[in-house]
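Below is one structure, written out as structure tokens; comments come after it.
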Amino acid sequence: MRKGLLKKVRRIVVKIGSGVLTSEDNGIDPLFLSRLAGELAQLRADGIETVVVSSGAVAAGRPALGLTDRPKTLPQKQAAAAVGQSRLMRAYEEAFSQQDLTVAQVLLTRDDLVNRRRFQNARSTLDTLLAYGIVPVINENDTVVVDELKFGDNDNLSALVTNLVEAQLLIILTDIDGLYTADPRTDATATIIPMVRGITKDLERAAGGSGTSVGTGGMATKLAAAKKVMRYGVAAIICAGKTPGTLTRAMAGEEVGTMFAPAERSLNRRKHWIAFTLRPAGSIRVDAGAREVLARHGRSLLPSGIEKVEGRFERGACVRVLAPDGAEFARGIVDYSSQEIERICRHKSSEIEEILGFRYGDDVIHRDNLVLL
Ligand code: GLU
């Protein structure tokens with residue numbers, strides 16, 4: 001079963017959580033890294049390219065600042081990351097060079113992936129590194145990032161990177177064995193779910209909140225990451241990172257952790273980027289008829305079906321598309337600004353020019369820029 005899904009995998013993203021990378025005293029665990037290097041070197045010999053998304057900068061920088069607990073303020077966190085990031089890379093370099101692997105540091109902010117040109121630029125750099133046989137080690141650029149530009153957690157970052165580099169598999173190495181039917185810390189009957197084909201509300205409930213004191217994410221953010229890559233037609237595996245050989249066994253198709261099967265109807269890269277990387281700047285509420293033609297027939301959104309505009313946004317912004325009851329059912333990139341839409345809504349496309357004095361086209365959102373959620 002798993003073997004079938006892994007057959008075509010040539011490029012993987014491996015996300016390493018702070019909890020597996022650092023030991024009890026918050027130092028980086030060199031033993032873990034040398035084992036990881038060994039496993040990735042073996043995969044490379046088998047023709048599989050790897051991009052690593054690694055947490056651990058903040059955790060590794062904490063001791064230098066004399067912090068025993070998680071940093072409380074943002075500047076403290078950023079200072080810890082500044083110290084820790086170079087320690088982190090040094091540890092990667094030392095461990096990976098033992099296996100003749102070269103690593104490269106890549107620090108990203110959300111903005112780098114939201115802007116299409118920067119997205120493409122980041123992508124070419126990563127492609128070039130991979131072509132040279134180098135292993136990119138990506139982290140969020142914690143030292144400069146501000147709240148609004150944050151990926152939030154590295155689980156989310158790893159999902160977006162999977163889309164960025166067009167990997168066929170995301171492996172999240174964490175300190176939990178996989179997705180359980182219930183919280184194993186409080187429920188003794190909880191068992192691991194070996195395969196997930198679709199993420200339901202029940203699964204999301206079972207995933208609960210954050211588990212450890214070092215990482216930012218819990219099972220909930222991992223599930224959200226898996227959901228994102230599934231929509232992109234990519235598989236994900238969440239498994240225990242500390243156990244030696246887990247990665248190798250997961251890649252061999254053994255039943256470790258939880259595997260998430262790719263969605264059958266997947267989004268292309270651009271639509272995935274619209275749905276998951278861009279941040280909506282406002283929303284457009286449509287009437288029942290428009291909802292029907294968008295949702296069922298995959299048409300473009302015309303001004304005539306628009307009831308109401310919320311928020312201020314420019315042409316080219318990403319917006320939420322809401323059903324008459326206010327529920328979001330799609331997202332898309334608008335061809336008109338919020339002020340223009342306010343004036344042309346409920347009118348026929350043929351009237352656009354008369355109302356605005358110009359026209360970009362008939363649609364407010366062209367169907368190529370519209371993603372149903
Ligand atoms: N970027 C953070 C770090 O390197 C980790 C964020 C996360 O674990 O989600 O410490």
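A Cβ is built for glycine as well, from the same backbone N, Cα and C atoms used for every other residue.
The ATP binding site annotation in TrEMBL covers Lys15, Thr174, Asp175, Thr216, Gly217, Gly218, Met219, Ala220, Thr221, Lys222. In the structure as shown, the Cβ atom of Lys15 (ATP binding site) sits within 10 Å of 29 other Cβ atoms. Reduced to three states, the DSSP call for Lys15 (ATP binding site) is strand.
Taken from TrEMBL, the feature substrate binding site covers Ser55, Asp142, Asn154. Secondary structure at Ser55 (substrate binding site), as computed by DSSP, is coil.
Sequence annotations record features per position, and here TrEMBL assigns domain 'PUA' to 282-365.
In the structure as shown, the Cβ atom of Thr221 (ATP binding site) sits within 10 Å of 21 other Cβ atoms. Between the candidate binding-site residues, Asp142, Asp175, the densest Cβ environment within 10 Å is the one around Asp142. This prediction places the mean pLDDT of the domain 'PUA' (282-365) at 95.
In the three-state DSSP scheme, Met219 (ATP binding site) is classed as helix. Proximity to ligand 1 at the level of Cβ atoms, with a cut-off under 6 angstroms, picks out none of the binding-site residues Lys15, Asp175, Thr221.
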